Amino acid sequence: MEEQKKPTVNLSQHSSFMSSLKTQLKETFFPDDPFRHFAGLPPRRRAWFVLSYFAPILQWAPNYKPSFFAYDLLAGITITSLAIPQGISYAKLANIPPVIGLYSSFTPPLVYAVFGSSNNLAVGTAAAVSLLLSSSIRDTVSPENEPENYLFTIFTAAFFSGMFQLALGIFRLGILVDFLSRSAITGYMAGAAMIIILQQLKGLLGLQHFTSKTDVVSVVEAVFQNRHEWKWQSAILGLCFIIILVATRRLKEKIPRLFWVNAISPLLVIIMGGVLAFVVKGKDHGIPIVGELKKGLNPISLSQLQFKSPYLSAALQAGLVAGFTALAEGIAVGRSFGLLKNEQTDGNKEMIAFGLMNIVGSFTSCYVTTGPFSKSAVNYHAGCRTPMSNVIMALCMMLVLLFLAPLFKYTPLVALSAIIVVAMLGLIELHEIRHLFKVDKFDFCVCISAVLGVVFANIEVGLLLSVGLSIIRAMLHMARPTTCRLGNVAGTELYLDMKNYPDSTTFPGFLILQLGSPIYFVNASYLRERITRWVEDEENCTKEKGQDLHYIIFDMGGVAAIDNTGIGMLFEVHRMLGKKMIQMAITNPRGQVVEKLMAAGFIDVVGKEWIFLSIQDAVSGCNFALEEGNKRNGKQEHA
């Protein structure tokens with residue numbers, strides 16, 4: 001083998017512990033290497049770039065073109081027309097005064113415009129987050145018996161959400177949000193949408209009494225237990241509003257350029273409902289209305305935050321779950337629309353932006369906000385160019401709060417329920433669920449478990465169940481990595497999985513295995529058992545043909561890392577093979593893996609001459625060694 005001159009694996013490379021640690025930390029927390037462009041710049045310019053990294057407005061504002069303003073103005077006005085009805089509706093869903101929903105579309109968008117990285121995201125309240133806050137807090141503080149303390153606890157939950165999001169962004173822990181898979185989000189949002197739709201039966205039927213629980217059994221039971229309160233006036237009016245809203249949505253789908261009709265339809269429903277309720281005195285005829293809305297900008301609520309028992313624990317729990325949910329939805333929406341424009345959305349920047357806007361929002365009478373899909377979709381289709389559309393929306397909302405808020409006092413509750421119902425229908429992605437069933441059954445199970453958890457238990461259970469299943473799946477991939485036997489594709493030097501390429505050929509006395517994952521303590525035992533089984537199966541096959549197994553070649557190109565337990569497993573496999581007189585060869589080991597194997601003495605035990613760059617080199621080397629061995633045996637027998 002030494003006579004063959006060929007490229008060999010670099011076994012002399014070595015990096016210090018601090019260098020390896022620095023590299024690992026960098027790849028873990030800074031995979032995008034955001035400061036790579038700053039090298040070589042003078043200190044003042046470098047400081048400016050760092051500042052503009054954390055405050056993206058310093059990047060886009062100096063380059064803002066006058067031609068962008070017309071698009072951002074149209075988008076800002078359009079999303080304001082949606083923010084007003086959604087703000088009032090979702091505030092009612094959270095059991096807080098409707099004006100809080102309007103406040104939440106004033107301060108947070110201004111903060112996001114400074115710190116947010118997405119040009120397409122429109123900031124505001126979200127239905128799922130609103131219901132989650134209500135269901136989490138009302139068990140501790142009743143919105144009916146203690147409305148003031150309940151509202152203050154909602155503000156405190158927004159503060160904790162913001163702190164949680166800000167901490168994730170500062171410490172670059174966006175990896176945690178990645179554990180909420182696409183299938184989990186799809187199921188969670190679909191289940192939440194179903195529950196929210198059922199909750200709206202209270203407004204659609206004009207009920208005065210309803211359950212505080214969110215599971216489907218309790219909601220349906222409450223609807224029929226209070227059937228004596230059903231009001232046909234509300235039901236008919238609600239049905240008419242739903243038909244109008246669905247019709248405008250269908251119009252947008254058939255004629256995309258008329259998207260603005262669908263965008264302003266919720267506001268038109270509120271206006272029509274308000275005029276009707278005012279003319280016929282709807283409150284006296286089975287059509288409950290919103291009631292008084294205060295005129296004026298957001299009052300300061302810093303002194304109202306609750307940091308004492310029992311409010312603290314309720315706010316902390318609700319804030320963490322709501323913050324995580326808001327992050328998952330907002331980042332997913334921002335990235336989705338960013339891809340359509342080939343724009344990059346930085347998840348860690350978004351966490352910082354979300355955190356700051358929720359902290360500032362909690363100080364200014366706002367509750368948890370995010371980037372809801374419906375509003376962001378309108379912003380995108382309206383042609384927004386920059387986050388200036390959020391500034392326009394905030395300014396429009398300021399005018400509404402200063403001059404127009406009292407006009408919405410006659411808004412029928414049934415109109416708000418109809419708006420929520422139609423908005424939630426868009427969150428039940430049946431086509432995506434069918435796609436999951438077709439492509440990946442396990443993802444489909446994760447999705448359905450989230451739906452069932454939300455519908456039959458509560459939102460927190462559904463979220464935890466879906467995240468738990470996603471983590472279990474990731475752990476199974478780690479604990480049970482894929483290994484396969486490779487064969488040579490005729491006429492090439494390619495060695496591929498024989499299950500996928502059954503016509504590929506093998507060599508007598510050779511077993512080529514591919515280890516396709518990092519080797520850690522969680523999978524070392526499984527890999528040892530799997531390799532042993534491969535060896536035993538191959539030995540049985542070769543014995544039937546009157547041959548012996550001489551060599552086993554491990555393709556380790558996919559082994560990105562290895563720990564001490566994994567190295568111990570390789571030693572055990574080497575001893576097992578040695579007892580069977582089988583030689584181990586290794587191909588294409590990565591630099592980090594080679595360093596550890598050298599430090600552990602494994603390379604010396606196997607022999608440096610049995611480490612190869614490629615499978616073809618290993619096969620050639622083993623064949624040469626086998627021929628040399630046969631020659632020596634032949635000479636000894638002749639002697």
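Each Cβ is built from the backbone N, Cα and C atoms, and glycine gets one as well.
Looking up the ranges 311-330, 351-370, 551-570 in TrEMBL, the one annotated as transmembrane segment turns out to be 351-370. The stretches the transmembrane segment (230-247) and the transmembrane segment (414-430) meet in space: the count of Cβ pairs below 8 angstroms, excluding pairs fewer than 6 apart in sequence, reaches at least three. Away from its own ends, the transmembrane segment (68-89) comes close to residues 98, 101-102, 104-105, 122, 124-125, 127, 260, 263-264, 266-267, 269-270, 290, 372, 374-375, 378-379, 382-386, 388-393, 395-397, 400, 408, 411, 415-417, 419-420, 423 of its chain (Cβ-Cβ under 8 Å, at least six residues beyond either end). Cβ atoms under 8 Å from those of the transmembrane segment (442-472) belong to residues 128, 131-132, 135-136, 179-184, 186-188, 190-192, 194-195, 213-217, 321, 324-325, 433, 436 of the same chain, restricted to positions at least 6 beyond its ends. Stretch with the largest number of CB pairs closer than 8 A to the transmembrane segment (414-430), among 110-132, 152-175, 187-210, 259-280, 391-408: 187-210. Of the recorded ranges 110-132, 259-280, 391-408, the transmembrane segment (351-370) has the largest number of C-beta contacts under 8 angstroms with 110-132. Most Cβ pairs within less than 8 Å of the transmembrane segment (391-408), among stretches 110-132, 152-175, 187-210, belong to 110-132. For the transmembrane segment (187-210), the residues of the chain that approach it from at least six positions outside its boundaries are 92-93, 127-128, 131-132, 216, 219-220, 222-223, 226, 229-231, 233-235, 238-239, 286-288, 325, 329, 413-414, 416-418, 420-421, 424-425, 427-429, 433, 446-455, 459, 462-463, 466, judged by C-beta separation under 8 angstroms.
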